[in-house]
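Enquirer: Got a structure for you, written out below as structure tokens; questions coming shortly.
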Amino acid sequence: MNADSEVKTDARRLRVDGVDVDLGGVRILRGVTFDVRPGEVFGIVGPNGAGKTTILNVIDGIVRPSAGTVRYGDVDLCRVRPHDMRKHGIGRSLQSTHYFRDLTALQLVALGELPNSIVGALRFAGHRKRRKAQAEARDKGMEALRQFGLEQYANRPLSELSSAVQKLVDIARAVVTGGELLLLDEPTSGVSGHERGGIGEALRRLRTLGRTIVLIDHDPGFVTGNCDRLMAMNFGEVLDVGLPDEVMSSEAVKRSYLGESANTDVGIERDL
Amino acid sequence: MTTDAIKDRTGAGVLGRTLGRMLGRQGSGTQFVMGAGLLAAALWALNGGPFLNLVGQSCAVYAVAAIGQSVLIGSAGQIALSGAAFMAIGAFVTGSLAGTPLETFPFPLLICAVVGWLVGLLSGLPGLRFRGLYLLLSSLALQFMVTAVTKNYQSARHPAGLEVPPLHIGPLDVSTGQSFYIVLITLLATVYLVVALVERTGVGLAWRAIRESEEAAAVSGVDAVRWKLYAFAMSGAITAVAGCLMAYLVGRADYETYNLNLSIALITMIYIGGIRSRLGALTGAVIITALPYILQLRLPGWLAGLGIDANWYTENQSIANAGLFNLLFLLVVLFEPEGVQGLLGKAERLLRRTLSGRRTGRTTESPA
Ligand SMILES: Nc1ncnc2c1ncn2[C@@H]1O[C@H](COP(=O)(O)OP(=O)(O)OP(=O)(O)O)[C@@H](O)[C@H]1O
Ligand SMILES: [Mg+2]
């Protein structure tokens, strides 16, 4: 399936180069460098607080790096505002789905279709065109929900749905916003064992569709089983990048996990 | 209402479907009761004689201000304690237009809206960097700044306050009684509808997304910065319009009216009525505005009936009322964060459950 997607002529590579991030006077990322090839699933693992989410925040424009560059194809992502990422085909799912409670599943997946200017809003509301614009937003949202078998939840508030369903809705939203590159932040966290299957299946389908995916997860089994290449990190630094099995058996990675287990028992269960 | 923003509304059965959906949905009964109650109160005030007209006028003015605050705090989920500052801006703009060619209605109103919009936009700029406590502090700074400026302006030029001429529309004197009340209610309805329309365009949904999480909204493709600034601007414009109307109501602009207590009272209104909706803002505005009148009229009698001396209350009314409102606010935040609307909503849910329980008890069919 990789061969398939690499045939795509407009396929773009994501390059994160020497990224430092300082937040609140603390260095959170230190010289983070990696490439994500078009069509691959790129996994990121690391203990709590390693900086995994921050990497996605940097790619996504939520956090600006204090040094380094992020490029997608020939676009400098550090100059793109978060809500414009969709214009470059980038979508992002969130680690916590507790953000949105009142919104319905359909409203969430259609958020990206909302107008982002007064003129757009007027057109959205305008007499004849409103129907068209709103129906289009709705259709696009329903289509995304249908892809994940979620149409029956369309009009239910997110707070009423189980975490697994919330996660899937959020992935559906990311898929609507990002046609090409998906940044998935722990799609299985808070999801029980047998429900993970559904999320894994969704991932595999996206992969056969040729989407490029950056996948973070706490469950190394899940990541290694679903990614082409893996990056391990700790304390804001990259420990190793390579084939999943190699990375998981590398000395540095073992030490970071074992070191943590020696200091604290908590967290190891979640992380490994 | 914003829920409908992305729903399909083609076809001829819109009315039927809308009605069916309106009655079928939890919350519709609450909205109906609140709407009907407000309408009844409005009509009562219209026909209840000069005193009730006056109470109704205040209620209408504060209701406009409460809608202004609810756009920012309720819909967009921002924190601000500067409602009174925007009302002061409206009142002083109106006062300083007196005697100029622009004193003709509706120029003062429109100019207030524009000035309020611009100051609102400016007041939103700190919100792009700060959240929570810092945003609250910056809104407090605005409140104190406006108080200082209006105070200096007033004491330098018009020690007794800026006089505002009686309201005329064309040749018609509509400055008192029923006619003024009708003007105010019309403007209130207009503001209400404008906000409702704006929220329908999808902006309402964007605000809700921002309210729940700005980052998550941005990640989902919502231009959080832009819509947040619009919320500040729109709230500023509406609240300044309320200040303009307030100036017409009392006939002058006096900086002392627009202090921090008023800002707090405005917040109390939208929380007591129900922070999540404009209907809640209206309800809260009416409750908080009418309550002092009721207390003033009735409380001494009640206290006397209980054998308590009411002198202290009559002598310290404003302090006692402010204390009472703060207490109410605390009680709402602690026990019923959704205010009157939340209470009614609970009652409705209970009623619906009882009714549907009885229905499914009689017939054997059960919803799949
Ligand atoms: N806005 C912020 N200001 C200050 N520190 C932050 C901020 N965001 C994150 N951090 C810190 O940066 C570090 C990395 O956080 P990040 O969320 O990227 O970790 P993570 O690898 O995703 O962890 P988890 O597995 O718990 O999701 C943590 O120590 C966190 O406390
Ligand atoms: Mg994380």
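In case you wondered, yes, glycine gets a Cβ from its N, Cα and C as well.
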Enquirer: Which stretch does TrEMBL mark as transmembrane segment, out of B:77-94, B:203-220, B:257-274?
Expert: B:257-274
Enquirer: Go through B:27-45, B:229-251, B:319-336 and flag the stretch with the largest number of C-beta pairs under 8 Å relative to the transmembrane segment (B:105-125).
Expert: B:229-251
Enquirer: May I ask which of the stretches B:257-274, B:281-299, B:319-336 has the most CB pairs under 8 A with the transmembrane segment (B:27-45)?
Expert: B:281-299
Enquirer: What parts of the chain pack near the transmembrane segment (B:257-274), using Cβ distances under 8 Å and only residues at least 6 beyond its ends?
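Expert: For the transmembrane segment (B:257-274), the list is 62, 65-66, 69-70, 73-74, 81-85, 87-88, 91, 140, 143, 146-147, 150, 239, 243, 246, 250, 280-285, 287-289, 322, 325-326, 328-329, 332-333, 337-342.
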Enquirer: In the same chain, who gets a Cβ under 8 Å from the transmembrane segment (B:319-336) while lying at least 6 residues past its ends?
Expert: 261, 264-265, 267-268, 271-272, 288, 291-292, 295, 312-313, 342-343
